[in-house]
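Engineer: This structure is in structure tokens; I'll ask about it shortly.
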Amino acid sequence: AEKIKICLQKQANSSFSLHNGFGGNLYATEEKRMFELVKPKAGASVLNQSTWIGFGDSRTDKSNSAFPRSADVSAKTADKFRSLSGGSLMLSMFGPPGKVDYLYQGCGKHKVFYEGVNWSPHAAIDCYRKNWTDIKLNFQKNIYELASQSHCMSLVNALDKTIPLQVTAEVAKNCNNSFLKNPALYTQEVNPSKQICGEENLAFFTLPTQFGTYECKLHLVASCYFIYDSKEVYNKRGCDNYFQVIYDSSGKVVGGLDNRVSPYTGNTGDTPTMQCDMLQLKPGRYSVRSSPRFLLMPERSYCFDMKEKGLVTAVQSVWGKGRKSDYAVDQACLSTPGCMLIQKQKPYIGEADDHHGDQEMRELLSGLDYEARCISQSGWVNETSPFTEEYLLPPKFGRCPLAAKEESIPKIPDGLLIPTSGTDTTVTKPKSRIFGNDDLIIGLLFVAIVETGIGGYLLGSRKESGGGVTKESAEKGFEKIGNDIQILRSSTNIAIEKLNDRITHDEQAIRDLTLEIENARSEALLGELGIIRALLVGNISIGLQESLWELASEITNRAGDLAVEVSPGCWIIDNNICDQSCQNFIFKFNETAPVPTIPPLDTKIDLQSDPFYWGSSLGLAITTPISLAALAISGIAICRTK
């Protein structure tokens with residue numbers, strides 16, 4: 001009889017890289033980073049498709065006869081907008097003659113505003129004021145501020161009011177021989193023979209607690225009044241000074257102008273200018289007192305429920321070629337905390353006409369069709385990686401990646417993996433070992449780690465005996481990683497406390513502080529991932545060792561009396577009794593069917609943070625199955641000795 005010795009052959013060479021882990025090491029033919037850097041996409045997006053609403057005009061109006069060529073959004077996104085061609089929130093607030101008057105109202109956690117262009121210099125609205133841009137800026141700023149604190153908002157287009165009997169509604173030549181719907185202009189006829197100066201006007205209006213189905217906790221009201229250069233310009237008959245003042249129910253002045261105590265401008269001119277201040281007022285009854293000749297009466301408001309903090313996105317709204325625009329929307333958003341501004345980089349070039357259907361704007365708003373993990377001033381991200389190459393500019397909400405250098409992200413083994421025995425003394429040793437301490441044993445094992453992300457933790461052995469990770473080992477591993485993470489976070493908190501001392505009212509200092517805090521978070525997370533990587537490598541190593549032990553046991557069982565295991569991973573076989581086909585059956589069975597080993601694991605690592613939080617709070621969670629694939633033997637290298 002001719003006896004030969006068949007062993008599993010060691011296959012490591014200089015092309016392999018060594019990966020040290022907690023509880024075991026690996027040699028691997030390849031390696032990859034635990035996460036890749038992501039790049040934000042420019043433009044707007046939302047965190048949740050079911051909780052946002054838009055307010056727009058013809059560029060989001062699905063009922064426009066030229067839709068979809070006239071639109072800057074998809075049909076799906078247009079359904080989310082409250083829009084009417086020719087409309088704008090400010091037009092509906094003031095109601096200038098001949099302009100679209102649309103009842104804007106709706107509810108959403110995230111509000112997207114793409115409107116404003118219909119009240120711009122091109123509209124040439126006068127009504128005692130040729131340039132309304134500063135009023136528009138103040139109006140839009142207040143809208144964005146209140147919208148960010150409310151779930152629902154609505155135009156209230158008819159306030160209850162009481163006006164004095166001696167006044168009548170009036171029109172103005174410089175307002176298309178009409179006047180604004182809000183404020184309404186009332187005048188008092190003065191009979192010089194009886195009463196030269198007339199009577200002081202006293203009027204009342206009520207801000208409701210509810211308008212239709214919309215609750216009103218706060219109203220945005222336009223407090224409008226005339227500005228005169230001098231008393232003589234106001235009243236050439238020598239009557240008293242001009243005043244128009246709003247009082248709350250307690251008699252406190254909340255808005256207006258009183259030239260009895262405030263000086264006139266002192267400029268030269270004989271035509272008054274109308275000024276409108278934006279007031280945030282609670283529901284209730286208010287009084288208006290004015291000098292006899294004119295009364296400007298609030299008739300409308302925007303109502304907000306103030307029920308929850310939310311997100312606001314404002315989209316730059318400008319005309320195309322040949323029409324003059326303003327940039328009040330841009331300036332209002334930039335001066336409102338938490339408002340994200342979407343801006344074009346090129347002139348507006350429409351498809352339907354010069355002013356409707358711009359390709360760049362369509363690209364910037366295409367993200368509204370999707371849900372993002374993070375939205376920011378820098379753009380939106382829907383990839384799961386926690387890292388981006390550049391710092392995302394605030395405001396930002398959701399699970400936002402942190403800035404990191406690619407080389408700082410830990411690498412994990414990939415491709416062909418070879419385990420070493422490791423040093424975790426709490427791991428049960430296989431009854432029949434095919435490896436010695438720090439030896440390399442291989443049956444050409446291949447493990448695939450699929451999806452973007454990392455394979456994860458092996459949380460325990462399926463066998464009560466044999467190799468693998470014991471409960472005690474896993475507990476000790478997680479105790480170690482937990483302690484190390486707490487140390488990292490404690491160090492981060494100490495650094496943040498030191499930075500707190502540097503906070504000032506200077507905006508740049510606050511921005512610098514925010515950046516430093518994010519950098520500290522990024523460094524802490526990278527440290528945490530380093531610990532996770534070490535535990536991951538160790539547990540994969542132990543799992544592979546168990547797989548090899550199972551392979552050796554399977555070979556011994558298949559061989560029966562035909563082969564005798566003389567040492568770990570080596571068998572003596574009688575060549576005359578077991579020919580080549582017999583040996584192939586024993587040693588090469590895996591070419592037709594892989595050896596069942598470790599099942600898929602629930603081990604995906606994800607970053608957790610509170611939605612709508614400025615920045616990302618760091619927390620690690622093990623979530624859905626990611627698929628450390630079952631180990632399949634791809635081939636056994638056999639060495640034979642006689």
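Glycine residues also receive a Cβ, built from the backbone N, Cα and C atoms like all the rest.
The following feature annotations were taken from Swiss-Prot:
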type	residues	note
REGION	2-27	region 'Fusion domain-1'
TOPO_DOM	2-617	topological domain 'Extracellular'
REGION	28-138	region 'Esterase domain-1'
ACT_SITE	Ser58	active site, nucleophile
REGION	138-297	region 'N-acetyl-9-O-acetylneuraminic acid binding'
REGION	298-352	region 'Esterase domain-2'
REGION	353-638	region 'Fusion domain-2'
ACT_SITE	Asp353	active site, charge relay system
ACT_SITE	His356	active site, charge relay system
TOPO_DOM	639-642	topological domain 'Cytoplasmic'
Engineer: To the nearest Å, how far is the Cα of His356 (active site, charge relay system) from the Cα of Ser58 (active site, nucleophile)?
Structural biologist: 8
Engineer: Tell me, if you would, which residue among Ser58, Asp353 (active-site residues) has the fewest other CB atoms within 10 Å in the structure shown?
Structural biologist: Asp353
Engineer: Can you tell me how many other Cβ atoms are located within 10 Å of the Cβ belonging to His356 (active site, charge relay system)?
Structural biologist: 22
Engineer: Can you break down the region 'Esterase domain-1' (28-138) into helix, strand and coil residue counts using DSSP?
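Structural biologist: Counting residues by DSSP class gives 25 helix, 25 strand, 61 coil.
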Engineer: Average the per-residue pLDDT over the region 'N-acetyl-9-O-acetylneuraminic acid binding' (138-297) and send me the rounded value.
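Structural biologist: For the region 'N-acetyl-9-O-acetylneuraminic acid binding' (138-297), the model's average pLDDT rounds to 92.
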Engineer: Helix, strand, coil: count each for the residues of the region 'Esterase domain-2' (298-352), based on DSSP.
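Structural biologist: Split into helix, strand and coil, the region 'Esterase domain-2' (298-352) gives 7 helix, 13 strand, 35 coil.
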Engineer: Give me the Cα-Cα distance between Ser58 (active site, nucleophile) and Asp353 (active site, charge relay system), rounded to a whole Å.
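Structural biologist: Rounded to a whole number, the Cα-Cα distance is 12 Å.
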